[in-house]
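Annotated features in TrEMBL:
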DOMAIN    6-142  domain 'EamA'
TRANSMEM  34-53  transmembrane segment
TRANSMEM  73-92  transmembrane segment
TRANSMEM  104-121  transmembrane segment
TRANSMEM  128-148  transmembrane segment
TRANSMEM  154-173  transmembrane segment
DOMAIN    155-286  domain 'EamA'
TRANSMEM  185-203  transmembrane segment
TRANSMEM  215-233  transmembrane segment
TRANSMEM  245-265  transmembrane segment
TRANSMEM  271-290  transmembrane segment
Amino acid sequence: MDKNKLAVIYALLAVGMWSTVATAFKLGLQQMTLLQLLMGASFFSWLTLGSFLTWKGELKTAISTIPKNVKAILVLALLNPVLYYLVLFKAYDLLPAQVAQSLNYTWAITLTILSVPLLGHKLNKKDIIAILLGYVGVVFISISGKSISGELSYFGVFLALFSTIIWAGYWLLNARDTRPPVVKLFQSFTFAVPILIIITLIFEGLPQSVNAKQLMSVVYIGLFEMGLAFMCWQMALHLTDKVSSISTLIFLSPFVSLFIINQVLGEPLQWMTFMGLGLIIVGIMIQQSASKTKA
């Protein structure tokens with residue numbers, strides 16, 4: 001098979017998996033506490049990443065290079081998965097799934113803003129338009145959230161937006177790190193899992209028993225959101241000759257996700273959610289075109 005066609009298949013697999021995670025987060029949070037869900041999902045993600053590296057024959061190298069990268073690994077692990085998912089899961093706990101997942105997509109716009117003080121970048125007209133569109137979209141989505149539940153958790157909105165700052169910061173640090181992507185993620189989870197176990201023991205204690213639904217939740221999130229989707233996306237980017245074409249496929253994910261949320265969780269879809277998400281996506285596309293112009 002042509003490698004570009006194979007890249008599209010890998011990319012669509014990643015998009016398909018990412019389209020289900022908002023629903024999976026809400027279902028998981030109905031079954032167990034935030035800390036228990038994150039701890040369990042992180043463990044299964046670590047197993048998934050480790051299995052992939054074993055298959056590639058790279059596990060020994062990934063483990064042996066940990067000592068010389070301890071500081072970098074610890075910083076990245078604390079950002080993702082520990083802090084990022086703690087904040088994001090709490091946002092999902094407080095907000096309708098369609099609101100939380102749509103707000104989370106503003107991370108690319110947040111990245112543009114953070115690049116000004118952190119990287120010394122200057123905003124051009126396209127960047128400013130992208131930012132304005134993105135945050136007008138946030139207003140639309142927030143209004144739709146109030147329509148769904150009758151009231152809106154402003155703290156939940158704050159957490160969803162704060163998670164984009166954490167992710168954008170993680171992305172900036174991660175981009176400067178020259179270690180292979182899957183190796184970096186495996187090493188981060190190697191540090192994150194014991195940290196999350198300790199946090200859970202201190203604040204809640206480990207669950208006395210785990211039922212089938214709870215196990216399915218942590219396995220699914222760990223396997224698909226934190227593990228396989230990332231690896232499929234990396235394979236797609238590695239195989240393709242047209243990175244820009246592959247990258248646009250990610251914009252399918254939030255819209256597919258909305259329909260899964262509606263069918264599985266029963267959340268009524270609001271036109272203002274579509275409007276707000278559309279504005280965010282258009283803003284991101286304008287921002288990407290601005291980045292290409294700068295390059």
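Each Cβ is built from the backbone N, Cα and C atoms, and glycine gets one as well.
Curation does not apply to TrEMBL; its annotations are automatic.
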* Intrachain neighbours beyond the transmembrane segment (271-290), with Cβ under 8 angstroms and 6 or more residues off its ends -> 98-99, 102, 105-106, 108-109, 112, 124, 126-127, 129-134, 136-144, 147, 247-248, 251, 254-255, 258
* May I ask you to check whether the transmembrane segment (185-203) and the transmembrane segment (104-121) make contact, with contact taken as at least three Cβ pairs under 8 Å and only pairs 6 or more apart in sequence counted? => no
* **Other parts of the chain folded back onto the transmembrane segment (154-173), taken as Cβ under 8 Å at six or more residues beyond its ends** => 75-76, 79-80, 83-84, 87-88, 90-91, 93-95, 99-100, 103-104, 106-111, 114-115, 118-119, 138, 142, 145
* Asked: What does DSSP give as the helix, strand and coil breakdown of the domain 'EamA' (6-142)?
  -> 122 helix, 0 strand, 15 coil
